[in-house]
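Per TrEMBL, the feature NADP(+) binding site maps to A:R47, A:R53. Taken from TrEMBL, the feature FMN binding site applies to A:R124, A:S125, A:S126, A:N241, A:A242, A:G281, A:K296, A:P297, A:T298, A:S299, A:S300, A:R322.
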There are 4 protein chains.
Amino acid sequence: MSNSFGHLLRVTTFGESHGPAIGCVIDGCPPGLAISEDEFAQDLERRATGRSRHTSQRHETDAVEILSGVYEGCTTGTPIALLIRNTDARSKDYNKIAAQFRPAHADYTYWQKYGHRDPRGGGRSSARETTMRVAAAVIAKKWLAERYGVTVRGHLSQLGELRPDEHLGAFDWNAVEGNPFFWPIEAQVPALETYMDALRKSGDSVGARVTVVADGVPPGWGEPIYGKLDGDLAAAMMSINAVKGVEIGDGFASVAQKGSFHRDEMTRDGFLSNHAGGILGGISSGQQVVCSVAFKPTSSLRLPGRGLNVLGEEVEVVTTGRHDPCVGIRATPICEAMMALVLMDQALRHRAQCGDVGEVSPRIPATTDKDAKR
Amino acid sequence: MSNSFGHLLRVTTFGESHGPAIGCVIDGCPPGLAISEDEFAQDLERRATGRSRHTSQRHETDAVEILSGVYEGCTTGTPIALLIRNTDARSKDYNKIAAQFRPAHADYTYWQKYGHRDPRGGGRSSARETTMRVAAAVIAKKWLAERYGVTVRGHLSQLGELRPDEHLGAFDWNAVEGNPFFWPIEAQVPALETYMDALRKSGDSVGARVTVVADGVPPGWGEPIYGKLDGDLAAAMMSINAVKGVEIGDGFASVAQKGSFHRDEMTRDGFLSNHAGGILGGISSGQQVVCSVAFKPTSSLRLPGRGLNVLGEEVEVVTTGRHDPCVGIRATPICEAMMALVLMDQALRHRAQCGDVGEVSPRIPATTDKDAKR
Amino acid sequence: MSNSFGHLLRVTTFGESHGPAIGCVIDGCPPGLAISEDEFAQDLERRATGRSRHTSQRHETDAVEILSGVYEGCTTGTPIALLIRNTDARSKDYNKIAAQFRPAHADYTYWQKYGHRDPRGGGRSSARETTMRVAAAVIAKKWLAERYGVTVRGHLSQLGELRPDEHLGAFDWNAVEGNPFFWPIEAQVPALETYMDALRKSGDSVGARVTVVADGVPPGWGEPIYGKLDGDLAAAMMSINAVKGVEIGDGFASVAQKGSFHRDEMTRDGFLSNHAGGILGGISSGQQVVCSVAFKPTSSLRLPGRGLNVLGEEVEVVTTGRHDPCVGIRATPICEAMMALVLMDQALRHRAQCGDVGEVSPRIPATTDKDAKR
Amino acid sequence: MSNSFGHLLRVTTFGESHGPAIGCVIDGCPPGLAISEDEFAQDLERRATGRSRHTSQRHETDAVEILSGVYEGCTTGTPIALLIRNTDARSKDYNKIAAQFRPAHADYTYWQKYGHRDPRGGGRSSARETTMRVAAAVIAKKWLAERYGVTVRGHLSQLGELRPDEHLGAFDWNAVEGNPFFWPIEAQVPALETYMDALRKSGDSVGARVTVVADGVPPGWGEPIYGKLDGDLAAAMMSINAVKGVEIGDGFASVAQKGSFHRDEMTRDGFLSNHAGGILGGISSGQQVVCSVAFKPTSSLRLPGRGLNVLGEEVEVVTTGRHDPCVGIRATPICEAMMALVLMDQALRHRAQCGDVGEVSPRIPATTDKDAKR
């Protein structure tokens, strides 16, 4: 069951990085949603390796084939299966990789769990699996937009030590898609380029922080106690490779805040702030839903590190293949995908139980302007 | 389904803060575990309100009654139901509370979701629900200790702006249980007392950070991809009231780290560091499992705040009842509880699928000494 | 997880026959349903032991206490916990029972599974557990009736060799509640009395068949493939103690039928027959949903039988306590309960996925008259 | 979620009869099981259309491709995806079929549920879906045999009015695989041939009954209350297309039995009978597990029947395509498959909770000889 995600919109993924194919089955999608194979291209391209010189150079044409669940261009309510063949899995000798455990990889833990593993390109533990999350979320994003006017978008909010510097320019959602970093301040991009070039030259890697924001989420989504919207988001984000932390709204900054500052006061014209990140008691408040995610630095480095081999001998591990010096750079679409999947699942759960409740008064209007700058 | 937690060890809780009772059903516990009603007292007391002048003054004798699943002092494998009667639910007029929505509370979102709510003491959204998590985890902690030698313990790792100051003394697990803050540096406790006294006088509140550590977890627990050990921990912690962030190992600090620093190198004598927090690829590595949690400041304040009432009119909200100025202070046992429940669930899941794998070579020894100071 | 039933309306039961209490938690009930403690009395009384001289003589006042989830007489959307204290659990020495395994009981299999069991009154394997199914279904029946006009009712359709004899009188739903057998032909009841008196005198027992019918189910409920309405009904009925078979519509009679007979032809005025029992492809057709259930004869007999004790020695087993010579007699409310729970769960699942589909043309009118005589 | 089956061994299927492909994902299989693509051929052939003149004439080479989860010939513990391309989906005009609802088909109910459907060859409601159950169960059967020595096999136990006639010859498992009916009495096969020839000529269809038997199941599998082994079997069998009834052991015959006859007495040498079908209280007893299934007659007939079209007009429906006059004939491997999947899932669940219980005394030996003749 651990390869499935969601309750009513349930996504099951399969496939190894260098096996024959990767794919997913999306169960529970409402009927009547128009969808075609070419609609997957954009988000897959956003996530794709080979986007720029700052990400790894695997050039794979990730063409999605719809195997089921769509008839005459519309979803039928039956499971939607998506398939992508692995075409760029270079044939090479994996014996050496198979025989040793790289520090900070899942090599050792998969071995300890299963006593057996597919070592080719990381096998099942590869970030290649996240491709299917992005593909599945194309459907979720479209349904959320059409049915509820909900949009989900993300940006990089930290790269190593570099944070958005609003002295250089204003936060701008339009800038995000215009640079390879999903960075919201265009004037800062050259500095990021320089930073990454130096990093790549050094053979080292850094972490990153991604922030995802959903606009238009109505109040009421999310199920207390163990099905909270923020609980689901936390699980969703933490399930992405290399993630080490999740925050809702102000997150860890809340620790040092005073209650009189943190609490988002309510007026008839809207909330006066959004420290909560749009979720109270596990349920959406009608404000922007805001979630930030910490990615650790890539562990595959050209710099040698101490590891073990299957015989228990200490070995020096050097990774020579294609690897991103910062996996977080192209994680933005993946984080968006997980939020979209969570929101659609919660929307379905909400109307199952509370479909008769309808709109309740008073409903505080969303205050998008105030929330927009993150 | 949103009031149940876990897959093979499945805890379902029920009850409102000021309803007749709270309780839980624990399904899936292996048979043959000795357990008695008085074993619940210690952890419930650790979590209890009224522990010190720094927490709220509700004095409730939380006596656990075992309703089922235990025969002649041992679990039978059938569901274990635990019940606690609410005895200190002061009779008072809730009409005013019912009619207004306090800022940063779940009042407004419950109302929007259900169109109806139990306003007495926060109803279902009250932290009183967490009592049953602590009770259920008494069983999980005991089973983990007896069956695998696993121990789970936590401490406060930040209180407002105050962090552990190792100049004042060494980190000491023994100190944690000796002060009302679960603080690991005894010499710093007077400073915390002073800080809290000033805070309470001001009528304001602050957040806190709790860190939980599990020792003795064998390698192999956790199920990739969507059933990862860290994914389950993130969901578990985020489901606790007032939590806004979760970190595994170095968490958000990883963002600014270099890969050459972050990766935990492996030797035959153990890992050389534990930035990963004992989890790689969603599976335990055999190191200490480390998770930190951010609690927001209490939103119930004597300081007036802007809210709305059910008629949509703006009102000034002042909370006069018993409330902790820092809910995080007594959250340590709750965070421990959630980690214990996750670990036991994952242990059962692991032996279901991988019960025939057994111990695999090479197994890196745990390096408790190096990990211990957090 | 094996003590929970349903997906969106999820019922978790707990309790042993002679433990302190039995109870359940009902998760997922929509908010706003009026319910009070005294509404449980009728169905519990219908199921109760001690109804007549044909059922066992345990006189227990099964007073239901609502512990949570209801505020000011209405469900709130939070989990509804129901509790019944066991008051008639006679104190006696269970050592003898504990030491031996009765033929055709769960004694031996519980022992083999858990290595440990609560032998008092059958412990968890007792039909006492079904009390909570009936209690939970009071809520489901009420919601189905109020929200969709769906009614669920059942009757005994065979008692040992005795089948409804329409030569003696017409099938009459009104008769069902007027006799202790839930028998639909009033004139036949004296024959049943005589039959049961002779049976009881003989010390032996017989099986029974119960048929449950739901009126008013709209077309579209049920989820193919593994969430079919009939699949859920089969699981639900088979989970009742002593059940050995389940049929939908014509059931096993379909085996010898011709297709030209079995297929229910469709006209604008309705279906011309209902051999399918109101379900096609796992989805309700708008006809009556019909399900029949086979109960085995009670295995607890005064007539001695061959069993084993815990030492593996062969023993002669004689059951002297209170036991029904036909457990199926009072199973009708239990079967109704399970159908109501399945229907409500499926109704919620349907509106989650297909809430936007609405009513689709052409919709064949239900033909209640034609269906009514079963 | 309705396209997934099982809890710890979880099978998710997808695909329409005449879409691009059908497939499944098997999650939770233990690592280390040797499996290759050609091992699927035998059971798929047993189920295949075109086996004899008594089944429909679709000749499709159902070659299974393993897409994931197997490395170097062994399962790795990651999800196993299986794919079969649909190659014999004749291109034809489905407009007429799409526009009308055939009596006793899922056409009408899918339309009512989803407002939209894939009409090609029955779409998702086609029995083609069961191919993937058989494929998935190849893995379950192998694991059960290797790990526990459990075997699962089935036979046809009724064809229309024809029942096994032991006057003609003895029940013989070896005969079952030697004739196109899975019939256990070889001398009776010519009579079945004659019966079917006449039926086909008449344009009509009949139902059938299939019995499946598992040998070697140890005592203790199955989880009370809602996770009973028989409850799972009932759901599993009822989820197969055209099934209208399920029996465990003596099933509906139990209704007219006396308790003194039905109860399976226990001796040190074994049980003296097996009316229970190897399950007591939802848990296996160590005897043969026996389950029988009723299949309705095929509803697709050359004989005209009354139906409706999408405009609500009454139409005469005649089915001209390839259709089995008795779908039950080739259902035996499908029923075996569902039992194998249930057993493996329950085996994993049992060792999760009760892995420490081990073998408990006294264990009654299986009495295979006595059970064998069904």
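Cβ coordinates are placed from backbone N, Cα and C, and glycine is handled just like the others.
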Which binding-site residues among A:S126, A:A242, A:S300 have a Cβ sitting under 8 Å from any chain D Cβ? none
For the binding-site residues A:R47, A:R124, the largest set of other C-beta atoms within 10 Å encircles the C-beta of A:R124
For the binding-site residues A:R47, A:R124, A:S126, A:A242, A:T298, which residues show a Cβ-Cβ distance under 8 Å to chain B? A:R124, A:T298
Pairwise CA distance, A:T298 (FMN binding site) versus A:R47 (NADP(+) binding site), rounded so that it is a whole Å: 16
Distance check, please: Cα of A:K296 (FMN binding site) against Cα of A:R47 (NADP(+) binding site), rounded to an integer number of angstrom. 18
Tell me whether A:A242 (FMN binding site) sits in a helix, a strand or coil according to DSSP. coil
CB neighbours within 10 A of A:S126 (FMN binding site), counting all protein chains shown, number 21
Rounded to a whole number of Å, the separation of the Cα atoms of A:A242 (FMN binding site) and A:R47 (NADP(+) binding site) comes to 15
Between A:R124 (FMN binding site) and A:R47 (NADP(+) binding site), the C-alpha gap once rounded to whole angstrom: 18
Return the residue, from the listed binding-site residues A:A242, A:K296, A:T298, A:S300, with the maximum count of other C-beta atoms within 10 angstroms of its C-beta. A:K296
At the level of the C-alpha atoms, what whole-angstrom distance separates A:S126 (FMN binding site) and A:R47 (NADP(+) binding site)? 14
Three-class DSSP assignment, A:K296 (FMN binding site), comes back as coil
Residue pair A:R47 (NADP(+) binding site), A:S300 (FMN binding site) - Cα distance, angstrom, rounded: 19
Per DSSP (helix/strand/coil reduction), A:R124 (FMN binding site) sits in helix
